Amino acid sequence: MDPKNLTVEQLAAELTKLQMENSHLKRKLRRSVGGPPKEPPKPRELTEPERQLVLARWHNRFSSRSSELLRRQLDKLTATLVTEEDIDEVLKNADFRLHFRPDPSENPEKKLSKEKRRTARGQQQ
């Protein structure tokens with residue numbers, strides 16, 4: 001069928017037929033994949049021991065990172081000092097402020113989204 005020779009009514013009928021076929025194929029695909037898309041489950045509330053474990057894990061991340069930053073600052077402050085008295089004098093009067101964020105490479109959600117983007121990019125090519 002050449003679309004140039006069809007009337008508007010015939011084109012509308014053809015469009016309707018194709019849309020119905022498309023929706024039928026979508027339903028068929030959904031059934032073969034396991035039904036309509038489901039909402040992700042809501043996160044459940046943590047019990048107190050589970051909450052403490054999650055907080056302890058974050059505390060370990062922060063404390064290891066902060067101790068590394070503190071060691072670097074101490075090395076900078078005491079790089080030129082050679083006697084124990086000089087080091088004690090400088091560190092006694094020092095004011096430390098450590099600013100940092102958790103390492104984004106440790107965030108599994110971001111890793112997952114990057115992997116999804118890579119696979120999507122691979123499928124497009």
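Just so you know, glycine gets a Cβ as well, placed from its N, Cα and C.
Listed in Swiss-Prot:
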COILED    5-33  coiled coil
COMPBIAS  39-50  compositional bias 'Basic and acidic residues'
COMPBIAS  96-112  compositional bias 'Basic and acidic residues'
COMPBIAS  113-125  compositional bias 'Basic residues'
REGION    22-50  region 'Disordered'
REGION    96-125  region 'Disordered'
> Mean pLDDT for the coiled coil (5-33), as a whole number?
Replying inline: 87
>> I'd like the per-state residue tally for the compositional bias 'Basic and acidic residues' (39-50) from DSSP, helix first, then strand, then coil.
In response: 3 helix, 0 strand, 9 coil
